[in-house]
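Novice: The structure follows.
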Amino acid sequence: MQDKVWIFDTTLRDGEQALKASLTEEDKIQLAHTISRLNVDVMEVGFPVSSPADFRAVQRIANEVKGPAICGLARAMPKDIEACGLALKGAQQPRIHTFIATSPLHLQHKLRKSLDDVIEMAERSIKQALQYTDDVEFSCEDAGRTPFDDLCKVVDRAIRAGATTINIPDTVGYTTPDEYAAIIHHLRNNVANIDKARLSVHCHNDLGLAVANSIAAVQAGARQIECTINGIGERAGNCSLEEVAMIMKMRQDHLKVHTGIRSEEIYRASRQVATICNMPVQPNKAIVGENAFAHSSGIHQDGVLKAQNTYEIMAPETVGVPNNQLNMTSRSGRHVIEHRLSELGYQAADYDMDQLYTSFLELADQKGTVYDYDLEAMIHFNKLAEQDEFYQLQFVNASSNSQSIASATVGMSLGEELSQEAATGNGPVEAAFLAIERITGHAVEVIEYNLEATGQGASSLGQVNIIAKFDGRQYHGAGLASDVVEASVRAMIRVYNLIDRARKVSDLKQQRKAG
Ligand SMILES: CC(=O)SCCNC(=O)CCNC(=O)[C@H](O)C(C)(C)COP(=O)(O)OP(=O)(O)OC[C@H]1O[C@@H](n2cnc3c(N)ncnc32)[C@H](O)[C@@H]1OP(=O)(O)O
Ligand SMILES: CC(C)C(=O)C(=O)O
Ligand SMILES: [Mg+2]
């Protein structure tokens, strides 16, 4: 029977310490429900003494969220423990987590206390916490820089005082995996009562080693990992929950441990944390980044099409990502194009691959990603036709100020015909998009809107990139202008022109079928 490693999520406590604006009570409740769906064992949700709002948030989560143990953080101080105990009163399984630093640096400069003073404070706090719950965790802050002998002494006394979990934080992300594993080994071999408590680890990512250190500690016998979704947390962040959970799932053969995490809930949780915390995930982030299951180069795409596990060690659905992505770029090869076209209903006889691939590379070099509608246009117009665009911008006139509703008037030609419409909106861009919608007679769903300044200083141009969805398909439009509303309108008109072209392509397809 393999050992279970407990997952202690601290997104709502250590994770929150990294945010520019603290989470509201409602944000915390929403995230707490999401985190509990991951089936974590413990959820640290705040620091009740720190503010009345955090006290209320911890209290509400303790009352409302069932499943994991609900934990609050407290310094080794009576008022902190009391606030924590009161806030957690409604929890089915309350855990009080109390901590104090043990490294010489923190003792001398921050706490200005001796090791013995700190041990006494820890003992008093653990005993006080036990009046509220029998589940008490104690952390030796900055354990990573604490001498072994001191650490053993503190841990021994904390367990004797009644702590049921002992946490060994690498608070400043200083240790390397072998050093960190050695600390865990040393404690297991030199603290007589160590088996009376669960040994936990809490790693920070200052040198990018939080995940590696946590796994090394598990290999050395630790049985709880403290971590956060997307790895958010103080400074460079904490150990990332999704990474350690998936390492232990995918490499159970090697590590011989398991967790209770429901991995299919990971992606949803990651997206929600990124949105609510306003901390976007980097595209190349393991497990949850936009590119984690995307393949862009021809050799990889060919491999994945032949056998998915050639370049994917786990299926995207395992972590709740709906599907992998095969991006068509100038690094793509013929196999992926053929595959995509067959998904779109084309057979090899419908096109000349050599000719198509030449046009494809030309276009991909120009614009980066080639979309379905580009591929179809290349087939039907042989090469991407620089045909006259049906919709042309004549003018855009927008106004907005802090006191009134934004409005815009847009004038466009539709072939020979001229048309203009006005609309109001939350901002001038939205108003202009609504005016375009009225002119064209159909609405698109904007999935991504990206505005960047191109150039330097005040003479920069605004470049707008839009990804919009119409009739189940995505279209990409780009617009460049000194005025950001005009750049947005140009990008949107490009989208409408691509939709128009896709429609013409579809008519041609129908005619070919009929003929
Ligand atoms: C490694 C970590 O992540 S620890 C958790 C960090 N999280 C936070 O700090 C977020 C919440 N913090 C807060 O809201 C505030 O800092 C509070 C309410 C806790 C304290 O606020 P203040 O009383 O104004 O103190 P301040 O934060 O300026 O200084 C911290 C004090 O706590 C002491 N202290 C620090 N850690 C501990 C501890 N574990 N046990 C006891 N005392 C401690 C410091 O020595 C300092 O004491 P001093 O005033 O005697 O010098
Ligand atoms: C409070 C403790 C566990 C902490 O966050 C740290 O040491 O990093
Ligand atoms: Mg921390």
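Heads up, the Cβ atoms here are built off N, Cα and C, so glycines get one too.
Nobody curates TrEMBL annotations by hand; they come from automatic prediction.
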Novice: Can you pick which of Asn63, Asn230, Asn238, Asn278 TrEMBL lists for the same Mn(2+) site as Asp14, His202, His204?
Specialist: Asn238
Novice: Can you tell me which of these binding-site residues sit near ligand 2, meaning the Cβ is under 6 Å from at least one of its atoms: Asp14, His202, Asn238?
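Specialist: Once distances to ligand 2 are taken from each Cβ, Asp14, His202 fall under 6 Å.
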Novice: Validating a neighbour-count step here. Other CB atoms within 10 A of the CB of His204 (Mn(2+) binding site): how many?
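Specialist: Counting Cβ neighbours of His204 (Mn(2+) binding site) within 10 Å gives 25.
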Novice: Average the per-residue pLDDT over the region 'Regulatory domain' (392-515) and send me the rounded value.
Specialist: 89
Novice: Within 8 Å of the centroid of the Cβ atoms of Asp14, His202, His204, Asn238, which other residues of that chain place their own Cβ, given that this set defines the recorded Mn(2+) site?
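Specialist: So the additional residues around the site are Thr10, Pro169, Thr171, Cys203, Asn205, Ala210, Glu226, Cys227, Thr228, Gly233, Glu234, Gly237, Cys239.
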Novice: Give me the count of other Cβ atoms within 10 A of the Cβ belonging to His202 (Mn(2+) binding site).
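Specialist: Excluding its own Cβ, His202 (Mn(2+) binding site) sees 30 Cβ atoms within 10 Å.
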Novice: For Asn238 (Mn(2+) binding site), write down the residues of its own chain that are at least 6 apart in sequence and whose Cβ falls under 8 Å from its Cβ; none is a fine answer.
Specialist: Thr10, Asp14, Gly15, His202, Cys203, His204, Asn205, Ala210, Glu226, Cys227, Thr228, Gly231, Ile232
